[in-house]
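Structure record follows, encoded as structure tokens.
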Amino acid sequence: MWLTWMEYALVLLLMTALAVPMGQWLARCFTSEHHAWIERLSFRALGVNPAERMGWQRYGLALLLSNGAMLLLGYALLRAQGWLPLNALGNAAQTPDLAFNTAASFVTNTNWQAYSGESSLSNATQMVAITFMMFAGAITGVVAAAGFIRGLARSSASDLGNYWVDYVRVLWRVMLPLSFVVALVYVWQGVPQALDGQVWATTLEGARQQILLGPVASLESIKHIGTNGGGFFGMNAAHPFENPTPLTNAIHILGMLLIPSAMTYAFGSMLLRRRQGWVLFGACLVMFVGFLALVFTAEQAGNPLLTAAGADQQISATQPGGNMEGKELRFGIADTALFVATTTAATTGSVNAMHDSLTPLGGLVPLAQMMINCVFGGDGVGLINLLQYAILTVFLAGMMIGRTPEFLGKKIEAREIKLVMLAVMAHPISVLGFTALAAVWPDTLASLANRGPHGFSEVLYAYASGTANNGSAFAGLNANTPFFNTTIGLAMLAGRYLTLLPMLALAGSLAAKPTVPAGPGTFPTATPLFMGLLVFVVVVVGGLTFLPSLALGPVVEQLQMLSGQVYP
């Protein structure tokens, strides 16, 4: 057992060590006045004036229009798959509702998949549509965070920078170099990178077996660096071609956490308040460790119903013990629990086990992290979501002591709190609203593999995953229906843009305000006390908002499991 905790500690130490240089590089990308030659070529090709400055309205409009154009392009490619080359299996085009769902999924950095990649998409579609939108979605989140940080850093300013400059820089300086290096490591470890759609092998019994291949390593690298999560294969990171060795599993985990953790350091560096960045990092780390401990202990404890049936769930020299249903033996409980906590903390959605097979308490962890949506979070957007809670914390503290709240030298007034609450409320309204609609929709029961509280959890998980732009699933739900493709697609769009746009408006409002020096009545935010308050507000606000739905799903399922009740 102690080896497991040493492994967890080592991973977290590596993440912390990598966050510093990565954060410094991100801050340099966001603040540098120099443009590389390839960036200047990109500006000329796009017709962009890099010296132009954009207010929050134009910054947000550029974000929306670029994402909208890429969504339409992705949709067109998915609908035209039958005419594209490199389609050795002759895969047909996706249906209109599935193509909408897939395009919305990947452009919003969600990567929800209502299809199985290796049997539904051609290699051309995987490269030109899917991998392209993986880059687009990840870069958009980081760029939005850059604009938001500038809003806090600037005083009496009218702009948040230039969206196109930020986009091009993040592409050429961050995403492409990192993805290229990681892809080479994956190829070295045995991840395929080929244009052949299939090879045939002869098994030990003499039978002929078809093995599907493709450009897996290039997709796999941006999948985790960009907190995307969509798999080339339906089994995702549980497939040996996506995750063949312990080293690739560790790189997957560190890749998911790299940019989200580094964004807190970049935030502190750009504001010249590095202690503030470490406080935000510490808040994320505290929540992450708590959720990791919960999912590990829940899964290692096993299922009492199986124990009553005579199954041996104890750790021994020949088995890892615990609840091994839906898990890879090569990963066991420890690496599976770490992956579960990481993929939903960083809103990646990649999986190396079936979340639907977790114990009720273990399954509550990914649900809760997606509902909170700021335990490190996705590339860029995780920091934005955390900062909205930080501003809310300052506001609540200011109200308790009877002073106008301030955050980083900016007064937080009625307009700012209204914008924060718009962003905060958009998330639960989407999750709970669509879940309620699905609960009364006549065809929902036909899509459920389970009845009772777990069936409800499958639906709740789908909309929490879509709205949080996570993409993982309780796979007992058949989501490839017109109803689920449409509503989950809308949930992904709502979760992305109905939170980003109010926060960009907030950044514009704060940028226009002068920065005032801290006074004797200013509530300090770069302290362990504020970190504790921030964690408290995140957990309480998230808990109170979603507690009734969690009580109907995993909580009651856990109680029934402990009492020996099962559903047919």
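For all residues, glycine too, the Cβ spot is worked out from N, Cα and C.
Listed features, source Swiss-Prot:
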type     : residues : note
TRANSMEM : 1-21     : transmembrane segment
TRANSMEM : 60-80    : transmembrane segment
TRANSMEM : 129-149  : transmembrane segment
TRANSMEM : 174-194  : transmembrane segment
TRANSMEM : 251-271  : transmembrane segment
TRANSMEM : 278-298  : transmembrane segment
TRANSMEM : 381-401  : transmembrane segment
TRANSMEM : 420-440  : transmembrane segment
TRANSMEM : 488-508  : transmembrane segment
TRANSMEM : 528-548  : transmembrane segment
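Counting only same-chain residues 6+ beyond the ends of the transmembrane segment (381-401), those with a CB under 8 A from a CB of the stretch are 109, 141, 144-145, 148-149, 152, 260, 263-264, 267, 280, 283-284, 346-347, 373-375, 407, 412, 416-417, 420-421, 423-424, 469, 496, 499-500, 503, 506, 521, 523, 525, 530, 533-534, 537-538, 541. Between the transmembrane segment (1-21) and the stretches 174-194, 251-271, 278-298, 420-440, the greatest number of Cβ pairs separated by less than 8 Å involves 251-271.
Panel annotation: around the transmembrane segment (60-80), residues 54, 93-94, 96, 98-100, 102-104, 106-108, 125, 128-129, 132-133, 136, 140, 143-144, 163-164, 167, 497, 500-501, 504-505 of the same chain, lying at least six beyond its termini, place a Cβ under 8 Å from a Cβ of the stretch. Same-chain neighbours of the transmembrane segment (251-271): 11, 14-16, 18-20, 22-27, 30-31, 142, 145, 149-150, 152-153, 174, 178, 182, 185-186, 221, 224-227, 237, 243, 277-278, 280-281, 284, 338-339, 342-343, 345-346, 348, 350, 352, 376-380, 382-383, 386-387, 408, counting only residues six or more beyond its ends whose CB sits under 8 Å from a CB of the stretch. Sequence-remote contacts of a segment are chain residues at least 6 beyond its ends whose Cβ falls under 8 Å from one of its Cβ atoms, and for the transmembrane segment (278-298) they are 4, 8, 12, 16, 19, 260-261, 264-265, 267-268, 333-334, 337-338, 340-341, 345, 358-359, 361-362, 364-366, 368-369, 372, 374-376, 382-383, 386-387, 390, 525-528, 530-531, 534-535, 538-539.
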